[in-house]
Amino acid sequence: MIDSRFPLIDLHRHLDGNIRPQTILELGQQYRLALPANELEALRPHVQISDSVPDLVSFLQKLDWGVAVLATLDACRRVAYENVEDLKRAGIDYAELRFSPYYMAQRHGLPLQGVVEAIIDGVSAASRDVGVPVKLIGIMSRTFGQEACRQELEALLSGRERIAALDLAGDELGFPGDLFRSHFTRARDAGWHITVHAGEAAGAESIWQAIRELGAERIGHGVNAIQDARLMDYLAEHAIGVEACLTSNLQTSTVPSLAQHPLKHFLQHGIIANLNTDDPAVEGIELRHEYQTAAPAAGLSAEQIRQAQYNGLSMAFLSPAEKQVLRDAKQMC
């Protein structure tokens, strides 16, 4: 199902949602932190989804053990480096890794700017070492409120030259996008691209808000766009990309089954949508699973799966020249 002549791309992949269970165990032992289990297989159910959970917030709780072991900036740097190693191992040609410095810092009171620097350092070093190009997306975790997001934005802006875009993630129902208009104005003024988690836990209005009030060029998840025919038309006509995460949406009970996921309808409607992992270590999957197992189960035809792969490159926050480099690299293989 994957076209080997074309780049394999993951655009919606949380760095802080992809901390290896083995690394959680090792860092917990290194820093003498209490974990729910002291052996890998016993720890796995606490940090990885084995079945669907009732809602997004329950899913996010699985991520908490990963950030609970980030006791130092060196630990942050390590997980950043390992994230890029995981891309190489998964056969991914380009990725945009997103991270929330506040979420990563808050358990152990790490300096926000230090976390940003550690992530940039770890990703840059690994990208050079393993040869996978990566861009970073900064996340504001809306769950912590407007002031925490302002602090988070300040820290991210300290690394503005190494960050490509700003995202808003977390509790979509409790903290709607209109609370963060001024934050996104600053991000756009800094020259960043904008992608927003919307239409996952909340309805189509959340997506309209992300587009009209926050300036979203891409929508993370966007499942509930299917509720609004006018929005579907708008997404297609204005080439606003949808970062689809099939397995994640099943595991969070955002959709009751993969067969009922709207991605196939998005593609039929001419919406530029692609396939992504979201939080691969928590989900226990990789990008190839989304192409080879999840997408067929969601009713995508072979042609739609290929189109989703092609869409990944067109949606990427890359210059035309950077996109051509990725195309050329595959054709030379």
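The backbone N, Cα and C atoms fix where each Cβ goes, glycine too.
If you check Swiss-Prot, you get these features:
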- His12, His14, His197, Asp278: Zn(2+) binding site (BINDING)
- His14, Asp16, Gly170, Asp279: substrate binding site (BINDING)
- Glu200: active site, proton donor (ACT_SITE)
- His221: site 'Important for catalytic activity' (SITE)
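Taking the features listed in Swiss-Prot, we show where each one sits on the structure.
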{"residue": "His12", "record": "Zn(2+) binding site", "DSSP class": "strand"}
{"residue": "Gly170", "record": "substrate binding site", "DSSP class": "coil"}
{"residue": "His197", "record": "Zn(2+) binding site", "DSSP class": "strand"}
{"residue": "His221", "record": "site 'Important for catalytic activity'", "DSSP class": "strand"}
{"residue": "Asp278", "record": "Zn(2+) binding site", "DSSP class": "strand"}
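Using a 10 Å Cβ-Cβ cutoff, Gly170 (substrate binding site) registers 22 neighbours. Looking only at Cα atoms, Asp279 (substrate binding site) sits nearest to His14 among the recorded positions His12, His14, His197, Glu200, His221. Neighbour counts of Cβ atoms within 10 Å were compared across the recorded positions Asp16, Glu200, Asp278, Asp279; the minimum falls on Glu200.
Cα distances from His12 (Zn(2+) binding site) to the recorded positions Gly170, Glu200, His221 are smallest for His221. If you take the Cα of His221 (site 'Important for catalytic activity') and the Cα of Glu200 (active site, proton donor), they are about 6 angstrom apart, rounded to a whole number. His197 (Zn(2+) binding site) sits 16 Å from Asp16 (substrate binding site), taking the Cα positions as reference. Considering only the residues assigned to substrate binding, His14, Asp16, Gly170, Asp279, the longest pairwise Cα distance works out to 13 Å. Surrounding the centroid of the Cβ atoms of His14, Asp16, Gly170, Asp279, where the record places substrate, the chain contributes additional residues within 8 Å, namely Leu15, Gly17, Leu60, Leu63, Arg98, Phe99, Ser100, Tyr103, Ile139, Ala169, Asp278. Over all protein chains present, the Cβ of His221 (site 'Important for catalytic activity') has 27 other Cβ atoms lying within 10 Å. Within its own chain, His14 (Zn(2+) binding site) has Leu63, Leu97, Arg98, Phe99, Ile139, Ala169, Asp278, Asp279 as residues 6 or more apart in sequence whose C-beta sits under 8 angstroms from its own.
Within the group of binding-site residues (His12, His197), the Cβ with the highest number of other Cβ atoms inside 10 Å belongs to His12.
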